[in-house]
Ligand code: CTP
């Protein structure tokens, strides 16, 4: 985050679930990245983690009810002045109160007075999450523009497992940062303009096995693809993320298919693309693979000679899905990292690549001045097959992701329903 400008004001609500302790980690992420955080626990949350912990970690006094510091009218002021309200964990009870506008403590009052984006990260037992009352409350909240993150699946309190775990604090932080980044735009909280759509995003770099311990690979971190998946989920899409060899937390509410090689990536993308309204190929698939894989470890020769490795070309997935469109009307997006050469500028080469691949949009990174790989920021031009060119100034991968989705949304066929009740 940039140090310029006022620190974003975040209200971190914590309701009474065992996952309250994980909100300490989330709080640290916010404060360490320059956010001004006020923690508002519920009385039940304080049964799990006490006020001194929140006060020490946030550097501010903490209260659960509206009768502390009444002269400052905290029950109204906190919500009015916040740039973002995040509740983690959000219990079934908190969701119900928020959906029905109840306000019997400081957190629920803050939720009623907030005019900024609101992110709720539910955590509860599977039965509670799947109860029709909770389903209806979540639908109500989402219809009002509240971003309710899908809970994760896994170990719950006690021995049981299922859907209802609080997503990783790192993931909640990324979602919150994404929302904060967008709230400076004209549509606070952002549009749910991908609701009812299925989108596929590929991310990361594929590995081609040479022998049981070696592979040919590349330096793609997968960050841009993950930012795209997270942004699409925040805009209401059903997202399939095909991830090749990334060391990142799975985005919440996204179906993640982990793959290793270009062949596996191709299979996963093709199968998901059959029902997709958009496919974004942000992955860096290896263009070549060894013609033969050794079943045993390739040994050094005593005479100092090195083995020759013969390579063969991998299929070009982007070209294949653009040429044989299984889902007519789907918008297909490619990426290109270009340096320009004697035959043309970065944009000349990119336009030629767009035509060669046959996709609808090509996101072009000029990498002549240094690497984009692994960094958290990006700078690009989004070229359209219709001749359009959108310059994206230097900014976060999340900001670029949203601009790419803006371009995709503008090209989606209106046939399938955009908004469902
Ligand atoms: N891509 C793909 N399948 C491959 C290689 C690349 O689908 N086997 C996709 C990438 O995900 C990216 C786009 O194609 O969206 C651009 O890839 P790039 O490697 O830059 O294109 P190439 O055609 O390989 O061009 P160049 O000769 O410049 O490497």
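Just so you know, glycine gets a Cβ as well, placed from its N, Cα and C.
Nobody curates TrEMBL annotations by hand; they come from automatic prediction.
Per TrEMBL, CTP is bound by 297, 315, 316, 317, 318, 335, 353, 357; the candidate from 277, 287, 386, 391 named for the same site is 287. Long-range C-beta contacts of residue 317 (CTP binding site), restricted to its own chain and to partners at least six residues apart, with a cutoff below 8 Å, comprise 202, 262, 265, 266, 269, 270, 281, 285. Neighbour count (other Cβ atoms within 10 Å of the Cβ, all protein chains): 23 for residue 335 (CTP binding site). Across the annotated binding residues for CTP (287, 297, 315, 316, 317, 318, 335, 353, 357), the two most widely spaced Cα atoms sit 38 Å apart.
Following the DSSP three-state reduction, the secondary structure of residue 315 (CTP binding site) is coil.
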